[in-house]
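Asks: Take a look at the following structure, please.
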Amino acid sequence: MGKTNSSSLDTVVTSFIILGLPHPPNLRILLFLVFFIIYILTQLGNLLILLTVWVDPKLHARPMYILLGVLSCLDMWLSSVIVPRLILDFTPASRAISYGGCVAQLYFFHFLGSTQCFLYTLMAYDRYLAICQPLRYPVLMNGRLCTILVAGAWAAGSIHGSIQVTLTFRLPYCGPNKVDYFICDIPAVLRLACADTKVNELVTFVDIGVVAASCFMLILLSYANIVHAILQIRTADGRRRAFSTCGSHLTVVTVYYVPCIFIYLRAGSKSPLDGAVAVFYTVVTPLLNPLIYTLRNQDVKSALKRMAAGRGAANANK
């Protein structure tokens, strides 16, 4: 869909058509229900984690769980940017999205995604300080510093998203307007540009590669030091507790970074697997995060039990 510019006689795209995920028509209702349930469970699960961290005094006073609460906010927001649009693909509703809507979706997707990268790095640094510098930890990672670091992660994510959206939409879009993807994302949108996109692809590769690789290397460096420190612990119970504390975060980092690397660090790829992999880390990972942190983290499980016990006692006193 577009309009004619009388001065240049070029067709200027004013909206895009999101083609969505390829699927058999007879599975449309089932897929609608699956993604709708995933979205609801994602919101409820992350909201539960957020409320638990906020309500429990033993959690919201510790930087590790402040960061976990921020991660839950990011997961809820990221899911809301992606999944409702995806659900519409399985309904008779129009698949059109305005030019401005496409710009906004691409911006928030990369803003939230890069902020998560920075946040995972902060979480690894927090675990490094807690295990490798336990005596200095209260001084090195206090509430004020944690707030500053989180604010820095949000600011850096916003800058990254702004760079990506500016680079993508500075190009002219004057021809096809069908986005062969389930969201407005850089690789799919660039294929529709009426100009050479090699520079954009290179800058995207370098920019996202630098952000992802830098964060990932810092996380690996933190965990290399953590593993070395844990192996120095003499008691088996002490080593088990230390590994348990870090296991949740390491699992989340793995299921987030591997799909990102698969999609963005293969310049020019048009693999049919990209859509399935992208669905995993944009739709499934925000659902898994609350499960990973509640099933593997003893502090969160204990806080949930205290909340349930307190609610039960309150109901009994009525």
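Cβ atoms are placed via backbone N, Cα and C, with glycine included.
What TrEMBL says about a protein is an automatic prediction, not a curated fact.
So TrEMBL lists the following for this protein:
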DOMAIN    45-293  domain 'G-protein coupled receptors family 1 profile'
TRANSMEM  29-53  transmembrane segment
TRANSMEM  65-87  transmembrane segment
TRANSMEM  107-125  transmembrane segment
TRANSMEM  145-163  transmembrane segment
TRANSMEM  208-231  transmembrane segment
TRANSMEM  243-265  transmembrane segment
TRANSMEM  277-295  transmembrane segment
Asks: Counting CB pairs under 8 Å, which listed stretch among 29-53, 65-87, 107-125, 277-295 touches the transmembrane segment (208-231) the most?
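Replies: By Cβ pairs under 8 Å, 107-125 leads among 29-53, 65-87, 107-125, 277-295.
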Asks: Between the stretches 29-53, 65-87, 145-163, 277-295, which one has more Cβ pairs under 8 Å with the transmembrane segment (107-125) than any other?
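Replies: Answer, by Cβ pair count: 145-163.
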Asks: The transmembrane segment (65-87): which same-chain residues, six or more beyond its ends, come within Cβ distance under 8 Å?
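Replies: For the transmembrane segment (65-87), the far contacts come to 18, 20-21, 32, 35-36, 38-39, 42-43, 46-47, 49-50, 53-54, 59, 97, 105, 108-109, 112-113, 115-116, 119, 122-123, 126, 143, 146-147, 150, 182-183, 252, 279, 282-283, 285-287, 289-290, 293, 299-300.
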Asks: Restricting to the domain 'G-protein coupled receptors family 1 profile' (45-293), what is the model's mean pLDDT?
Replies: 84
